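**Student:** Just dropping this structure here.
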């Protein structure tokens with residue numbers, strides 16, 4: 001690599017424009033941090049006639065991807081097209097042509113990480129992707145480098161800013177789902193077609209990437225159980241609040257069925273004394289609980305206590321709470337998307353390549369390789385959780401007896417129950433009944449649910465969410 | 001460096017015991033992450049007869065520092081003695097002997113960073129210190145690597161777990177300062193002599209290190225203005241709560257007098273649109289506000305709104321909120337001290353040396369070198385803030401007129417005011433008067449305070465704190 005590093009930017013939309021801006025407006029800073037100049041040499045776009053940032057010299061803008069990728073002067077290709085079609089070809093071609101690749105493409109890595117990383121290893125080149133998960137929040141470095149002394153035992157993360165924005169609006173302004181979504185679209189926090197954001201798919205892509213780094217598993221996004229926020233009624237937000245909880249869409253990874261059993265103190269410190277004291281030696285810590293070599297992954301709305309760290313993440317922010325068996329819990333929070341936050345992560349990757357750190361990290365991490373960490377993905381059925389269950393029930397005798405009998409059959413006990421008095425003018429119409437259970441295996445809870453939904457006294461399919469503790 | 005990396009641990013107290021534990025109990029993991037074995041070859045202690053972790057082979061324990069440092073088989077010396085005396089000699093000797101150094105010693109770096117780093121550059125060796133600030137929270141990597149595309153414009157951080165633990169107890173359990181301190185001591189969160197923790201010195205050491213990384217300034221800890229928590233009365237916690245605020249001991253760095261003017265929205269996004277939308281290009285963002293090349297550093301109790309991210313950090317946790325001019329605000333939170341969290345950071349440094357990342361980072365960052373970033377340290381007088389002011393005043397006519405006149409003379413206007421009715425049996429004794437001001441320069445506020453304290457109607461020196469917004 002020559003002294004100056006030359007960049008080709010493929011795609012110059014929102015994030016690409018931000019990357020160009022940082023490289024061009026802050027060239028001195030980037031040079032100083034990278035130890036050498038990082039020069040934007042080519043910008044490939046679909047429509048060269050569109051107005052662009054005035055800092056981008058017109059003569060470096062073109063529509064010719066191949067010319068950019070095969071330009072022998074280019075050292076790094078930054079792929080910001082998105083998707084798994086053309087973007088995949090760009091990345092594979094760039095690697096084959098001997099270029100390092102920086103990408104923000106979560107779908108590509110989640111779907112074809114093994115293929116991309118194998119191609120990179122074959123070409124002896126590096127792929128960097130800090131921007132692919134949680135935008136400006138440096139969670140890829142945290143998991144891969146900062147927490148390298150740890151085996152991660154659990155991850156709980158808010159990875160979709162759109163969903164979190166909508167849930168925040170519903171919670172803080174008593175809005176319906178439809179109204180909150182419309183507001184998010186008006187403000188640019190949701191696309192015209194918001195499906196991938198609100199149904200949990202986007203978060204599942206990002207969780208697949210975090211799971212690869214933390215557990216070495218290559219879960220396909222479509223294999224990750226997911227439930228979106230589109231089933232949440234304003235009523236559920238109100239009931240949750242009444243019970244002391246906030247609803248958040250979480251992407252979660254749990255490594256053992258014990259992990260969500262309410263014993264947070266022990267989990268948070270890895271079972272090890274984490275006091276600040278003092279001089280002299282500590283008693284030797286007890287051996288850590290063996291980590292089960294299986295991990296359950298899912299995306300779902302979860303009821304969190306108002307005081308939980310993740311309950312307090314508002315608006316379009318992202319946050320990742322990581323449990324490590326040595327450090328305990330650490331939290332990483334910030335803007336999960338947007339032009340400049342994402343550009344911040346892309347340019348950090350370029351600087352890392354300039355410094356030479358990224359190449360070392362890539363070689364050592366062996367991501368999406370055959371050298372796994374021995375973890376398997378298990379379905380979330382075994383994860384134990386408390387559950388929030390809302391039923392629309394006929395207001396007549398015996399209904400509660402039927403429901404509680406079914407729960408008892410699956411050995412699920414009830415922690416609390418809310419049923420408000422029916423309104424006078426609607427005494428005969430169904431009323432909401434909310435049940436909060438004690439800990440139960442997800443599988444048993446779902447079995448109970450199937451039977452409950454078949455009761456003649458149930459007016460609509462049950463709505464249910466996990467509880468964070 | 002041979003294939004296996006050999007470590008000498010100098011100091012095997014709380015943290016050292018944790019480091020030994022991780023290296024010995026998780027050797028396979030560490031080898032896999034570092035790409036080569038990291039072997040604990042020597043442990044130097046003061047008293048070899050003390051009971052130690054059974055995993056440490058007796059024959060590697062000695063009292064001979066020099067033999068460990070000069071052992072040609074040793075590649076890395078881990079200094080965990082602490083303090084600026086013997087520890088400094090160990091670090092300088094180790095570097096001169098051609099060893100890399102990993103240290104958790106905040107006092108040494110804050111006091112003698114330039115000398116240590118110059119010695120390291122001379123010897124072409126690397127110094128790593130993730131554990132020196134915020135324990136298990138990887139804030140050194142965040143500032144130095146993950147946020148490398150940014151100029152940091154402000155830092156607000158909870159860096160002393162002892163103080164935060166005491167303030168949390170005072171807030172949540174209505175305890176007096178003395179009772180909360182005693183509780184912290186009983187639980188091992190405070191030393192027998194807690195002075196350096198509760199007077200802000202420890203946080204000032206850590207702030208000096210963060211300021212070097214973010215601004216290239218070499219502020220001596222004793223030059224950093226500091227106010228501890230030992231002046232906080234339970235009454236202030238109550239008044240703050242009544243006003244909607246929580247008191248936290250913050251270490252802060254501000255790069256311009258505009259930064260704390262309540263315009264958080266603009267500050268948090270670097271003045272740049274950070275919406276999630278969409279396809280097509282954004283309008284070119286406006287050039288960012290020029291960052292003043294001066295930074296004010298101080299440690300002080302600050303009133304934060306209950307909803308602020310840092311207001312919600314409880315117990316002995318640390319948290320660092322960083323404002324970057326590209327990314328906006330990101331937060332890093334977790335256990336700020338303790339055996340295993342600190343060991344997590346020390347071992348991450350060892351792994352980084354094994355991978356070869358740390359050497360690249362060290363060379364590129366040029367910390368404590370003559371190549372600064374053009375920032376100067378300015379006294380906090382120019383920082384504009386709102387202030388909380390509590391006075392013990394005689395309950396007689398004209399008192400309020402005198403005080404408000406003095407504030408008006410300094411062009412400080414009053415935002416709110418709380419004076420509760422005097423209790424019947426103490427009508428003639430002084431009563432607390434709480435004033436919250438609008439934004440004012442710290443210098444002018446202090447001038448007003450001097451005059452107020454001289455009023456005959458003031459029964460005790462004024463108590464005051466900054467407000468977070």
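Note that Cβ sites are derived from N, Cα and C of the backbone, with glycine treated the same way.
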**Student:** Can you check which of B:258-285, B:286-313, B:314-341, B:342-369 TrEMBL lists as region 'Disordered'?
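**Tutor:** Result: B:258-285 is the stretch TrEMBL calls region 'Disordered'.
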**Student:** Which one is it: of the binding-site residues B:11, B:13, B:16, B:17, which Cβ has the fewest other Cβ atoms within 10 Å in this structure?
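**Tutor:** Comparing Cβ neighbours within 10 Å for the binding-site residues B:11, B:13, B:16, B:17, B:13 has the fewest.
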**Student:** For the recorded positions B:14, B:17, B:206, which ones lie near chain A, with a CB less than 8 A from one of its CB atoms?
**Tutor:** B:14, B:17
**Student:** List the helix, strand and coil residue totals of the domain 'ACT' (B:388-467) as derived from DSSP.
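**Tutor:** Computed counts for the domain 'ACT' (B:388-467) are 26 helix, 30 strand, 24 coil.
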**Student:** Give the distance between the Cα atoms of residue B:17 (NADP(+) binding site) and residue B:206 (active site, proton donor), rounded to the nearest whole Å.
**Tutor:** 23
**Student:** Should residue B:16 (NADP(+) binding site) be counted as helix, strand, or coil on the basis of DSSP?
**Tutor:** helix
**Student:** Using Cα-Cα distances with a 10 Å cut-off, which of the binding-site residues B:10, B:11, B:14, B:15, B:16, B:191 are near residue B:206 (active site, proton donor)?
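**Tutor:** Of B:10, B:11, B:14, B:15, B:16, B:191, within range: none.
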**Student:** Averaged over the domain 'ACT' (B:388-467), what pLDDT does the prediction give?
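**Tutor:** Computed over the domain 'ACT' (B:388-467), the mean pLDDT is 89 on the 0 to 100 scale.
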**Student:** Secondary structure at residue B:10 (NADP(+) binding site) (DSSP, helix/strand/coil)?
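**Tutor:** The three-state answer is strand.
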**Student:** Roughly how many angstrom lie between the C-alpha atoms of residue B:16 (NADP(+) binding site) and residue B:106 (NADPH binding site)?
**Tutor:** 15
